[in-house]
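Q: So that we are looking at the same thing, I have put the structure below in structure tokens.
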Amino acid sequence: MSKLLDRFRYFKQKGETFADGHGQVMHSNRDWEDSYRQRWQFDKIVRSTHGVNCTGSCSWKIYVKNGLVTWEIQQTDYPRTRPDLPNHEPRGCPRGASYSWYLYSANRLKYPLIRKRLIELWREALKQHSDPVLAWASIMNDPQKCLSYKQVRGRGGFIRSNWQELNQLIAAANVWTIKTYGPDRVAGFSPIPAMSMVSYAAGTRYLSLLGGTCLSFYDWYCDLPPASPMTWGEQTDVPESADWYNSSYIIAWGSNVPQTRTPDAHFFTEVRYKGTKTIAITPDYSEVAKLCDQWLAPKQGTDSALAMAMGHVILKEFHLDNPSDYFINYCRRYSDMPMLVMLEPRDDGSYVPGRMIRASDLVDGLGESNNPQWKTVAVNTAGELVVPNGSIGFRWGEKGKWNLESIAAGTETELSLTLLGQHDAVAGVAFPYFGGIENPHFRSVKHNPVLVRQLPVKNLTLVDGNTCPVVSVYDLVLANYGLDRGLEDENSAKDYAEIKPYTPAWGEQITGVPRQYIETIAREFADTAHKTHGRSMIILGAGVNHWYHMDMNYRGMINMLIFCGCVGQSGGGWAHYVGQEKLRPQTGWLPLAFALDWNRPPRQMNSTSFFYNHSSQWRYEKVSAQELLSPLADASKYSGHLIDFNVRAERMGWLPSAPQLGRNPLGIKAEADKAGLSPTEFTAQALKSGDLRMACEQPDSSSNHPRNLFVWRSNLLGSSGKGHEYMQKYLLGTESGIQGEELGASDGIKPEEVEWQTAAIEGKLDLLVTLDFRMSSTCLFSDIVLPTATWYEKDDMNTSDMHPFIHPLSAAVDPAWESRSDWEIYKGIAKAFSQVCVGHLGKETDVVLQPLLHDSPAELSQPCEVLDWRKGECDLIPGKTAPNIVAVERDYPATYERFTSLGPLMDKLGNGGKGISWNTQDEIDFLGKLNYTKRDGPAQGRPLIDTAIDASEVILALAPETNGHVAVKAWQALGEITGREHTHLALHKEDEKIRFRDIQAQPRKIISSPTWSGLESDHVSYNAGYTNVHELIPWRTLSGRQQLYQDHPWMRAFGESLVAYRPPIDTRSVSEMRQIPPNGFPEKALNFLTPHQKWGIHSTYSENLLMLTLSRGGPIVWISETDARELTIVDNDWVEVFNANGALTARAVVSQRVPPGMTMMYHAQERIMNIPGSEVTGMRGGIHNSVTRVCPKPTHMIGGYAQLAWGFNYYGTVGSNRDEFIMIRKMKNVNWLDDEGRDQVQEAKK
């Protein structure tokens, strides 16, 4: 029947009505509804998440139709919270909601790709050599062939290949490199395993079976806050976001919660309905400032000054004038403030704080015979010297006393915070002051660089009969903050209005924040903590941690929290959120990831030192150690270049090294056999005699640099790679935009410990292999690009510090085109390696140098002074004064069999983490039944790890966080050390065993584990330090308590034994730049900041069409209206940003939210989107890291000293970048460098 007439308004009858005429029956055509129904039809829904470093860890419904992913929406079935707490869902953000666009976009990598010039060389070599290893050798031994493909990296030229061909090439390159130079010349970089832990483990397991180098990430990203290890002996442990709701006062300090913590921001707003006050502290008017009750805008880089001014108020009002019993008792028990510190005399009659008194300093060691040099001393309220339980000396070599019970020598005791009232004299003690250092871009307040303040002291007779004055840390802290104690101290402040360090008036001068605001907020923060017993919280972010002196910023805030008894209390404490660092089932994951089931120890390296060295950034270093030293230090003992300090640290075992030795470690066994020595003895003797050198001492030797590099789950050259242009030149051997001069040309400070060569090696990497699902900046510079499965096409697991759940990535559809999951890719490479290595590598003995690790007895190395064996100051003792030297047996032809099975070391040595261990036989037996076992071959009878799900089951079975039986064993193991019963924390979950299919059904809350410092409970939200405070488990520090005083000799020499305001450093990136020709527009030097962006998670999503549409469609730089007027820049103009490190081009965003003197380029905007050429370099503009360069800090190199000991991603040099300054100007000519003859150069109008 025709419906033609129905389409006309007037040629139809009125339809039947109903509901008293309010409704009408219609007979119109409804065929249009079918298209709507078809659009939203689906065949299935699969749970997955996004393996991106955002900390969100959000569970999503993935809709599949006809074998294709059509869209995604948020899951809403998280386990419910207790009645007084909001639920977690829905969790998600616009970036995550756009991810399905990637799967079928033009950006998707579909096939294995290789650089055309390289594959032509490879195919030609295979025609001449039937052995792939010899074929690769023929290319490597011809400099012209190497140069031919290295110099065109980053300039296109990829062609499609196949998996078999490329696996063979990669394996041959690895075999030749290992055979010729050593396995530590093969390295891999991948970040943040928590976001897809099996994918991470795939690459590091392969590398570890080879003996390759696994590079760290948390320190390199500058997500690692060194202040956390310094204070707590913990990498980072923080409250889950739900605990914000338990807080009564929150300061969001440099953390842009709604923008970078979108899924969690609802807790931040919901808690305000309870009356919680929220404060934003950011230099720019950011998203978080709009959410808060009050906004403070300190000058960027002056956060420690503001924190110390607030600390001054807290100490004066709540510790001295009107002491809070809660604060005093908390500090007495849970901080190092009662501990005694030696005073060392100065020539002028004053003293300088030295190291902490140890039991070994006193007669008979105060009755302590086990590690007395590592046990700190205090005075109790009766005036007696005591050795309180809990210091690091109780942790190793004895059991039952490593706890925070108020006991010393088996007797109840109460420690004294201050010596005032028990003192023998009052002495002048000198403190360094850095706030007077002049910098044209930052405010300073002139004072004597040495401030002498009066302290109460007690005189002790030491074991050698000498008398030594001592002070308590508490008295040192009060003096350091400039508080008047009634001791006739002219340098202390009598009231807040005095402009003396570190009063509110002084803070106003430095930060620009009015002192009345400093006083009010500090008072409110402390008063709330006093009334609620610690429910005041500080949420911190990358904005504060990315400065060179980030540890001073953080220690200032941490001190506020400790003064107020907030750490370890629900709703209180330190909440640092930068990076999805919390891999909750960590101890179950470690054996899988680093092949600890087959070989121990693995080779691990801190990336900051690695890239600083091997991208030759040290050759351009203009910052000297001398300018960083305290005015109280003996400068003659701390001479040299910054890389010298890194080399000394590696030599003494403080830091790892890669490559490690100046020759192939696989050849040492043969030399040792000839000498009749073990490999360990031979290596130690050869190092001591100088016959064998460490590779770090000769970085430009042809055999002492990395040659093969794997990058996966990362955009190293488009996101985290500080010193981008240096990487291009020295690692890759391609064109770069460096505008500075090497030290050789500029007559700068040359290294003392490192051999200087006039010509540095360019193009150190023979092979760069990148795994990704999209064409990223790193892919553009790679030799081989392998297409990985997306997060909706593979099985994996994901956890975060923001919530207590573990949930999966699931293969909703098969990997598209020829992509494969990371596990399958590395399994394929391992199989090719096992085939190719035959005849070249067999069963080999590898000599591995292992640094003095935190959470091991090696953290008790040199207790009182720093002695260097190379200088003859002590003997070379592996594991004590030098790295531990370990001979590791490798079976290279069995690499594939070992990769796909769980090795026997788990049965023999068990498992553990953070200094405790337990038996795992039950779990190994279970995995053999669950995953089945190898039927034959070198791994016969071992549990299979064939698939990613098998790997997930290994993690879940071995981890106390996901296996209640293991959790009980872990708590028992800890209880043997502490002498306390802790199993009650997990007994009720003993029968709970989480499997992969369980988390696919619903996210599961993990089980409380002793390797973390909070509890997973239905009664309390996860809060870091909770078990330390409530279970009396010591912090893993020298004193066993929260460590405010850092007494290592290097910390004291660099003026950082106590917190101090240190202004941003002068990197000289502008002043030491080559002469850049003017372009007719004005130029200005501005501070260059790189906060996290709104339209991407790092570089992911930054080239996603949906996000580009919502943003400006390409790279942008924010500047203030004031600076823009001065530079004749208007909004959306093309500008160029440049300094000695390189140049970048972007559009300007002119905004009143940005203060004058700074510019912001949101971090990791991909260089592949809408970037014209640079007028400075003549090349296409760079990325945000084109104008940065790494500058390591010596105090981050300390090791073998309790909490100041290296651990993978735990402590070490960090890649800061916010002290950089750049020149900015409007571009005159915008040239797109299309080279097609049709492009027009756009000329700007003046």
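Cβ coordinates are placed from backbone N, Cα and C, and glycine is handled just like the others.
Computed from a predicted structure; not experimentally measured.
Pulled these from Swiss-Prot:
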- HIS50, CYS54, CYS58, CYS93: [4Fe-4S] cluster binding site (BINDING)
- ASP223: Mo-bis(molybdopterin guanine dinucleotide) binding site (BINDING)
- 43-107: domain '4Fe-4S Mo/W bis-MGD-type' (DOMAIN)
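Describe the structural context of each listed feature in the structure shown, including burial, neighbouring residues and relevant distances.
A: Long-range Cβ proximity for CYS58 ([4Fe-4S] cluster binding site), meaning a same-chain Cβ under 8 A and a gap of 6 or more residues, is found for THR49, HIS50, GLN74, GLN75, ARG91, GLY92, CYS93, GLY96, PRO263. In this structure, CYS58 ([4Fe-4S] cluster binding site) belongs to neither helix nor strand by DSSP; it is coil.
Long-range Cβ neighbours of ASP223 (Mo-bis(molybdopterin guanine dinucleotide) binding site) (same chain, at least 6 residues apart, Cβ-Cβ under 8 Å): ALA542, ASN545, VAL578, GLY579, GLU581.
Helix, strand and coil counts from DSSP across the domain '4Fe-4S Mo/W bis-MGD-type' (43-107) read 8 helix, 18 strand, 39 coil.
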Q: Within 10 Å of the Cβ of CYS93 ([4Fe-4S] cluster binding site), how many other Cβ atoms can be counted across all chains shown?
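A: CYS93 ([4Fe-4S] cluster binding site): 21 neighbouring Cβ atoms within 10 Å.
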Q: Taking the Cβ of CYS54 ([4Fe-4S] cluster binding site) as the reference point, list residues of the same chain whose Cβ is under 8 angstroms away and which are at least six residues distant in sequence.
A: CYS93, ARG95, GLY96, MET195, THR260, GLN580, ILE1097
Q: Near the Cβ of HIS50 ([4Fe-4S] cluster binding site), how many other Cβ atoms are there if near means within 10 Å?
A: 28
Q: Please give the average pLDDT for the domain '4Fe-4S Mo/W bis-MGD-type' (43-107) in this predicted model.
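A: It averages 93.
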Q: So which other residues, same chain and not among HIS50, CYS54, CYS58, CYS93, have a Cβ within 8 Å of the centroid of the Cβ atoms at the [4Fe-4S] cluster site?
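A: Counting only non-site residues, the set is THR49, VAL52, GLY56, SER57, ARG91, GLY92, ARG95, GLY96, THR262, PRO263, ILE1097.
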